[in-house]
Amino acid sequence: MFHPYRKTLLSGTVALALGLFATGAIAAGFQPAQPAGKLGAIVVDPYGNAPLTALIELDSHTISDVKVTVHGKGEKGVPVSYSVGKQSLATYDGIPVFGLYQKHANKVTVEYTENGKAMKEDYVIQTSAIVNRYMDNRSISDLQKTKVIKVAPGFEDRLYLVNTHTFTPQGAEFHWHGEKDKNAGLLDAGPAAGALPFDIAPFTFVVDTEGEYRWWLDQDTFYDGHDMNINKRGYLMGIRETPRGTFTAVQGQHWYEFDMMGQVLADHKLPRGFLDATHESIETVNGTVLLRVGKRNYRKEDGLHVHTIRDQIIEVDKSGRVIDVWDLTKILDPLRDSLLGALDAGAVCVNVDLEHAGQQAKLEPDTPFGDALGVGAERNWAHVNPIAYDAKDDAIILSSRHQGIVKIGSDKKVKWILAPAKGWNKQLASKLLKPVDSKGNPLTCNENGKCENTDFDFSYTQHTAWLTDKGTLTVFDNGDGRWLEQPALPSMKYSRFVEYKIDEKNGTVQPLWQYGKERGYDFYSPITSVIEYQKDRDTIFGFSGSINLFEVGQPTIGKINEIDYKTKDVKVEIDVLSDKPNQTHYRALLVHPQQMFK
């Protein structure tokens with residue numbers, strides 16, 4: 001028979017024993033890392049997203065005049081040095097260390113002032129290997145290899161962030177279910193809609209001029225290819241630096257802000273009426289962010305609702321609320337097909353079809369809805385990739401791969417169009433820029449864009465139509481569909497880095513600078529890519545993201561270049577090789593640690 005007193009006594013004894021055990025466990029708990037020097041402990045990868053970063057904790061010290069140097073590895077290693085400002089010290093409660101090598105005992109020197117006394121300390125920071133979580137039988141390598149071809153004196157300190165990707169074993173798994181036609185039966189399959197299948201794992205890193213990885217964004221930061229969750233799927237693109245030294249980016253149904261320490265500062269879902277963000281995010285001088293998206297449940301003239309493809313620009317504030325919308329289906333002409341029918345069927349942006357490479361695309365009236373080449377809001381008619389913001393008149397400049405380069409004001413009126421004349425309706429044709437030579441004399445060009453007795457050329461299937469601080473426009477001219485046709489042989493194609501001067505008052509365009517045509521097919525990059533003028537070294541930086549794309553079974557080359565503006569000499573050339581064959585890269589950009597830790 002169970003005695004109530006014995007039960008109480010037993011319960012009390014057990015409770016006392018557990019209490020003593022718990023108290024002992026707390027008293028004997030594992031200790032935190034102890035100070036590594038005169039400051040605090042070192043924490044590698046403090047936010048869990050950037051394993052080649054670390055923090056030296058302040059441990060309640062008040063310091064200033066901070067400088068960090070991550071020493072190069074071996075005799076030829078590239079040191080990474082930068083100052084750390086008051087704001088960064090307060091933000092991280094420590095000294096941010098950027099530019100570590102993977103799986104290496106990194107030598108780091110920190111200089112600072114405390115209580116008026118100059119201090120200098122040396123540390124050794126151990127890192128682990130970085131890991132590609134998406135490998136399969138197609139993998140050529142675990143990480144994307146690099147090949148340094150040339151680095152001129154004076155450019156050794158350059159660091160390049162590569163925004164590329166790797167195929168997942170399962171491929172694209174999702175699509176939006178579109179609205180059925182009114183004549184469709186109950187059991188008839190619904191059509192695809194939107195661009196949800198645009199889904200691939202990110203591969204984001206910084207490379208130095210020795211070809212070494214010096215930063216890595218963990219693939220799980222924004223993406224999860226192992227879970228059926230569309231909020232963690234998409235295509236991480238449009239990584240652009242803000243004035244604060246942070247970065248914005250888009251992926252699928254979200255847009256983000258993060259820093260180089262791996263801290264995610266903002267994670268916003270797209271506003272309710274929009275979906276499928278890819279290609280671009282850019283912060284304006286007003287502190288707002290421009291995003292390239294599609295429209296959810298767009299109603300066509302026949303009453304059918306569709307999700308549009310890459311033809312909407314939204315401006316959002318830092319809380320994610322919509323400030324403005326540019327609906328290109330109403331501003332441009334979604335039925336213009338002059339370039340669409342001239343494209344290489346083997347590659348439309350990052351959608352690659354090797355079996356039809358080199359063949360001219362055929363536009364069929366019954367082309368399926370969704371992310372398919374064709375006219376109408378329900379198809380990939382515009383394909384806007386990068387965006388530029390012109391603060392002088394509060395306007396945007398869009399690179400529409402399938403239409404041309406267009407400047408549009410905040411009033412939604414087209415200011416000018418840079419494209420061949422063929423196929424534009426009367427209203428838009430009046431906005432076409434007229435080509436002129438260096439003296440302002442008109443050039444003779446046919447409607448397909450072929451010009452006589454000049455080296456002027458329009459850009460075709462272009463990327464990154466960005467403004468320079470000189471007021472000129474730099475464009476990566478991919479060159480597919482040049483003169484609105486496919487050449488007799490694919491090897492006749494070429495890509496260019498181009499600079500144009502736009503005279504908005506007179507409606508003219510003048511060629512100023514070009515590079516790449518002379519390098520021929522070996523330099524041809526049919527899709528993606530970027531160029532940008534670099535004032536600090538007077539160079540044109542370029543990343544040709546899809547060289548070698550159609551060579552079956554071979555890695556695709558993403559070629560990093562800096563070209564001297566005056567002489568056109570190659571100052572930097574580094575190849576990035578995809579880890580799986582025929583897998584394109586997207587973009588790259590220069591990063592400056594001095595600007596990231598103010």
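Each residue, glycine too, has its Cβ placed from N, Cα and C.
These figures come from a predicted structure and were not determined experimentally.
The signal peptide annotation in Swiss-Prot covers 1-27, and the record cites experimental evidence as its basis.
When secondary structure is read from DSSP and collapsed to three states, His279 (4-methylumbelliferone binding site) falls in the coil class. All protein chains included, His279 (4-methylumbelliferone binding site) registers 26 other Cβ atoms within 10 Å of its own Cβ. Summarising the annotation, Swiss-Prot assigns 4-methylumbelliferone binding site to His279, His383, His463 and lists similarity to another entry as the type of evidence.
Sequence-distant contacts (6 or more apart, same chain, Cβ under 8 Å) of Cys445 (disulfide bond) comprise Pro420, Ala421, Pro435, Cys451, Glu452, Phe456, Phe458. Summarising the annotation, Swiss-Prot assigns disulfide bond to Cys445-Cys451 and lists sequence analysis as the type of evidence.
When secondary structure is read from DSSP and collapsed to three states, His463 (4-methylumbelliferone binding site) falls in the strand class. All chains included, 27 other C-beta atoms sit within 10 angstroms of the C-beta of His463 (4-methylumbelliferone binding site). Summarising the annotation, Swiss-Prot assigns active site, nucleophile to His463.
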Self-check item: Site with most surrounding Cβ atoms, counting all protein chains shown within 10 Å, from the recorded positions His383, Cys451
Solution: His383
